[in-house]
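The feature transmembrane segment is assigned by TrEMBL to A:12-31, A:61-84, A:96-116, A:137-158, A:189-213, A:225-249, A:255-276.
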Amino acid sequence: MTLFVQQFFNGLSLGGVYCLAAIGLTLVFGVLRIPNLAHGALYMVGAYLTYFFLTSAGVPYILAIALAALVLAGIGIGMERVVFHPLRNAPHTHHMIAAAGAMFFLHSLIQAIWGADFRRMESPITGRVEILGTQVSWQRVTIVITAVVVLIALTWFIKRTVHGQSIEAVEQDRVGASLVGINPNRVSMLTFGLAAALVAVAAGLVAPINLLYPTMGDVIMVKVFAIIILGGLGSIPGAIVGGFTLGMAEVMATTYVSAVAGEVIAFVVLILVLAIRPTGLLTKAVQR
Amino acid sequence: MSQKSRSTLRPLIALSTVSLLALTSCGNGGGDGEGGTITIGVTGPQSGGGALYGENVEAGIRLAIDELNEQGVTIDGEEYTVEMRALDDEYQPNAAATNAQRLVEQDDASVVFIPHAGGIHAAQEINTSRSDFLIGAYSSDRRIIERDNELTFMISPPFVSYSEPFIRIFQEEQGAERLGLLATASEYGQQWTTMITQDWEDAGGEVLSNNNFDYGAVSDFASSVARTLSDDPDVILVGGPSQTTALVIEEARDQGYEGGFMIMDQAKFEELELFTDPENLNNSAGVKPVAEFDDPGTDSLVERFAEDITEERPITAETSLNFQAVALVVKAMEIAGTHEDPAAIREAMPEAAAEVDDVFRVSGFPDEVTDEGLLISDSLEGAYRDSEGNYEYFPMDIE
Amino acid sequence: MKLTFSIRGVGALLVAAALLFAPLILAEQNYLLRVLITGITYAIAVYGLNIILGFTGQLSLAHGGFFGIGVYTMGLLTTDYDWSFWGALLAAIVLTTVVGFLAGLLALRTREAYFAVFTMALGLIIYMIISRWEDVTHAYSGVLGVKLPENIGPLDFSEPATYYYLLLVFLAAAAYVTYTLRVSNVGRRLLAIRTSEDLASSIGINVGLNKQLAFTASAGFAGLGGALFASAEGFIGPNSSSIDLTFELLMFLLVGGVATVMGPIVGTLLVLALFEAFQDFQAYRFILLGPVIIALVIYAPQGLIGRLNELTLRWKRRRAAAPKTPAGPPDSDSPADPNDEKAEVR
């Protein structure tokens, strides 16, 4: 039982990280209809930025994550301007190649700056707390709480603010949105900025229980794609449900079946979803 | 109209400039006609997940070359400068073989160092047939010398050498019975696991569920650790890149594990200590830290690594073993009287082993080079960190 | 029309001649010959990718996986099961075609970006199976000693140049199939699908069937390329089926020119030459290469051959416009020409 409770919290925290990373990807897909392959690279840059603010600039942890999110949002917007905006009328093939180019570039750039070394980011949040009879580390509790807070803030932003609503409008109906005078350029930039900020938060949260290295984004990239396929490309609730589902499924499969099961479960889920309902579980039937 | 055609041409011009650039820079690799240069080729990961590993290997080769050039290299009465030429293969076997062939043909290298088993296997398909070069194989996978490739020498001690002392320490001396498996799921990790499973069971122990996972591809390994611990092991096999290994060990200790660890040879104590509280490492066996050797050249190499390469991380066997191997192979060139004939160089290696300058003897310098191509050192040792945190060293037989 | 054809013909002939004489020119340069050999095996797979992407406009990201199935069929059959090269080659083609067909049944229910993401997942799954199914594929240990083709009479395929010419035969076949597709009714149907699926089905084209055929054939070529690659390398490992490979193949195709006949081979060799040249920048070559890739996609989206075709087409039109003679029969080349303006607007 204690094993289960402990793993439940591990699943929650992993799910929270997946969620934050997946929402950005699904947002970009919803608004621009492109699978941004450089998303994993942005995650990696976000982790390094948090590391920089925390260790080199000496900023407190939560503030360091916020700063990293801000800077990465800038980078995300820059990427939209330089790479994706010129390709807005090109076939989606070109976006994917350009995104791969951006990914290679970011890998190399970070390796040039920080080297290929693994880095460990010590979180100031240490110690453990007793929940339901098991020890859960504060870092994991922080991850879960932060993820929930960010998700609530995001929902508020999208449902209650003008900018957020414009994103949702474009997602649901491109033509209609432009007819009512929503500037697609601004929405694109906003979406990229938001996606980058969210993935930076995910990276900043997970960095202390993991290691930093230039290709760290590749691992999460596959998972995040699995999540948004599971939840439906472009669907935010889908990304949230998918994120927690996969996080929990991975942890439980590893604990109660085997380590290999934990690693392949994302793919098993993928096959099933693709075979049964290729547009994802939570999307409306017709989506073009 | 004119504007339109200009915009048509721009990409073409860009493309042709780039390809021109490609062609010209292809050319500069060619060996400069003047005699007196020996090129040591290296192909390893410089980018991607294995980049750090590649850097460490290159560092050893570079430091050896600097030292050799300071001392002077004379072959058949003529003085030579040694230089290194390193290409990136991103850990891919076919890229490694292509690079090796390029180094041999365009840079006149007759020795190519390759630090991964896949690349070595791929290069062995061509090094005695389509091309002609000696492979400095840095991998602890024994299959690379079991293929009867007469132009290969194996720099790293095969990992099978660790099995016997590891089992002796934990099973015989401590009475451990239950072995947990929590190593990396790479080729190398799987082979290690198979070997230790077999030997552990042969010695009468019990092997628990296999929880190996890919150290490079898992976002959260707390659950693998928990599952291993739920079997109640006495000792756990861990290992992969040092940094991840350190986190796995730390997680296990955090979850209350008090038993021992067998640490596979890819992970190194000196790096583990940097990434986790060294106390977590108590009661584990692994590779002896380079700096702990008392060989004649140990101190000077440790110092030079800090000065010339980096102070951010300690020197490890990846660097020191390749450092030694370069010195050995260049000495073999001197003895063979040629830097161009790989077979003659290989043949001179056993003799060269005794004659290499003391400064290159750093961490168990090879005393013997077998016909298979295995470098054997009688002074190689493994390390055991006891429950107080003190290191003890035990001898190992290379086999 | 005739003139255009001849310009393109001359270009194709030049490339063909260069490929034919390469081993003679590179007499002592085994390394460059090796790069060429690898390049041609990739190019055959790129021709496959070209069929699905170029002619139906669907981006498949499973082709690294199909290539990998070819690689491992050849690798495992000629070693563990001791098949001959030719038997294994046939098996590789058949197997990838079958897998491609089955995958197509699932994947082609989606389109555009969904199709791309779906096939990417498919490619990842193939990679996972190859890199993890240790009992069969030997996983990360790889496969040693993949066979070269058995000698045929005086032809000794262990000689790189001989093997190279064998590859050229397959390459020519791939290019020929592409060429026939371009000028055939099947090709027109596929291009109509690319322009608009709804439109195509409204004029009576069986969209589903045609896409299914294109995808299946496309997978078969990828498998053929993979099988030849395995034999050329002798040693194979799981990353010959990775998603990175898919993107490399795609890059080769885009640089060369989507839906063109010469694009795949020219693009592949050009990009490989770039990769080799940029080796001098070592670990940091992607700081340069990344932006180069992005710039190519932005400024030369039709690829090199696509751009050249466009230029000749324009030149031809200008010539055709100059004399007073009536335009004559409508340009029969242009509906089939994938590089006309329609393709860009899409």
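Counting begins at 1 with the first residue displayed.
Even glycines carry a Cβ here, placed using N, Cα and C.
Tallying C-beta pairs under 8 angstroms between the transmembrane segment (A:61-84) and each of A:12-31, A:96-116, A:189-213, A:225-249 places A:189-213 first. Count of Cβ pairs under 8 Å against the transmembrane segment (A:225-249): among A:12-31, A:137-158, A:189-213, the largest is for A:12-31. Distant neighbours of the transmembrane segment (A:137-158): 9-10, 12-13, 16-17, 19-20, 23, 62, 65, 123, 125-129, 131, 164-165, 167-168, 194, 198, 201, 205-206, 208-209, 236, 240; these residues of the same chain sit at least 6 beyond its ends, with a Cβ under 8 Å from one of its Cβ atoms. Below 8 angstroms of C-beta separation, residues 39, 42-43, 140-141, 143-144, 146-148, 150-151, 154, 167, 170-171, 187-188, 191-192, 194-199, 201-203, 205-206, 220, 223-225, 227-228, 231, 233-236, 238-240, 242-248, 250-251 of the same chain, each at least six residues beyond the ends of the transmembrane segment (A:12-31), sit close to that stretch. Sequence-distant contacts of the transmembrane segment (A:189-213), counting only residues of its own chain at least 6 positions beyond either end whose CB sits under 8 Å from a CB of the stretch, comprise 16-21, 23-25, 27-28, 31-32, 36, 39, 42-51, 64-65, 68-77, 79-81, 84, 114, 116-123, 125, 137, 139-140, 142-143, 146-147, 150, 154, 163, 166-167, 220.
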